[in-house]
Amino acid sequence: MSLDLSPAPGAAPAGRRLRRHAITEATLLLRNGEQLLLALVIPLAILVAGWLAGPRIGIGLDLLAPSVLALAVWSTGFTSCAIATGFDRRYQVLERLAASPLGRSGLIIGKSLAVGAVVLGQCALLGVAALCLGWRPVWSTAAFATAAIALLLACVAFVAAALLLAGTLRAEVVLALANVIYMAGLAFGILPIGTPGWLAFTGWLPTGALGGVFRAASLGYADLTGAAVLAGWALILVLITRKAFRWTS
């Protein structure tokens with residue numbers, strides 16, 4: 001029996017390609033210090049600070065904890081993804097990967113899977129921390145199902161918005177603008193801070209809708225309006241991104 005050492009070129013199965021790319025993307029996200037700061041350190045700091053100061057300002061863990069979970073989704077789904085993709089595009093990583101057997105669709109799906117995996121890990125860690133601090137959400141099957149659907153829709157909307165930003169602007173502009181938008185989303189809609197009447201529109205933003213759905217779920221209610229708002233944003237942003245995204249800078 002002879003050993004055949006002749007080359008046998010060919011692409012790996014699609015499932016394996018997507019899985020390996022998603023693992024690589026998730027690893028790169030977690031290795032970056034700035035992304036780790038956005039993903040865990042800032043949300044955890046807000047959670048602990050709110051736990052200490054909440055009783056004095058009238059915000060309990062029943063509202064603060066789900067808001068911090070929404071912040072974690074926003075941090076990774078939009079800000080981290082936009083910055084990472086912007087620099088991948090600048091250094092022509094996207095162009096090379098798009099020409100590989102992974103393909104353009106595989107590249108986008110892999111990024112989305114990576115973001116989803118990191119978000120689930122964030123929510124698990126922050127949820128355990130909130131429970132240790134005394135958060136006791138009211139269980140409701142309908143509310144939990146609505147929150148899970150809203151989480152999925154928010155990931156789609158935030159990743160689409162991140163790709164839209166990263167795929168149309170220079171990396172330096174993406175870096176600055178992504179952080180500005182991150183702070184705006186943090187201030188308007190995600191955190192349970194009372195807003196004057198002229199800011200009531202924040203409930204119709206994807207960040208405000210996600211925060212509202214999570215807070216309602218914490219109290220045992222299903223916020224179907226917020227989930228519908230997220231579905232609308234996800235559809236609109238995906239359609240715009242498909243048209244506007246450019247693979248090369």
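For all residues, glycine too, the Cβ spot is worked out from N, Cα and C.
Nobody curates TrEMBL annotations by hand; they come from automatic prediction.
The transmembrane segment feature in TrEMBL is assigned to 36-53 (among others). Same-chain neighbours of the transmembrane segment (36-53): 29-30, 59, 61, 64-65, 68-69, 71-72, 75-76, 79-80, 118, 122, 125-126, 129-130, 133-134, 182, 191, counting only residues six or more beyond its ends whose CB sits under 8 Å from a CB of the stretch.
Summarising the annotation, TrEMBL assigns transmembrane segment to 65-87 (among others).
Annotation source TrEMBL lists transmembrane segment at 108-136 (among others). Listed as Cβ neighbours of the transmembrane segment (108-136) (distance under 8 Å, sequence separation of 6 or more from its ends, same chain) are residues 18, 21-26, 29-30, 39-40, 43-44, 47-48, 51, 61-62, 65, 68-69, 72-73, 75-77, 80-81, 85, 102, 151, 155-156, 158-159, 163, 218.
Feature annotation from TrEMBL assigns transmembrane segment to 142-166 (among others).
Under the heading transmembrane segment, TrEMBL lists 173-199 (among others).
Annotation source TrEMBL lists transmembrane segment at 219-240 (among others).
Counting residues 6+ beyond its ends, the transmembrane segment (219-240) has Cβ neighbours under 8 Å at 62, 137-140, 142-143, 145-146, 149-150, 153-154, 156-157, 160-161, 164, 203-206, 209-210, 212-213 in the same chain.
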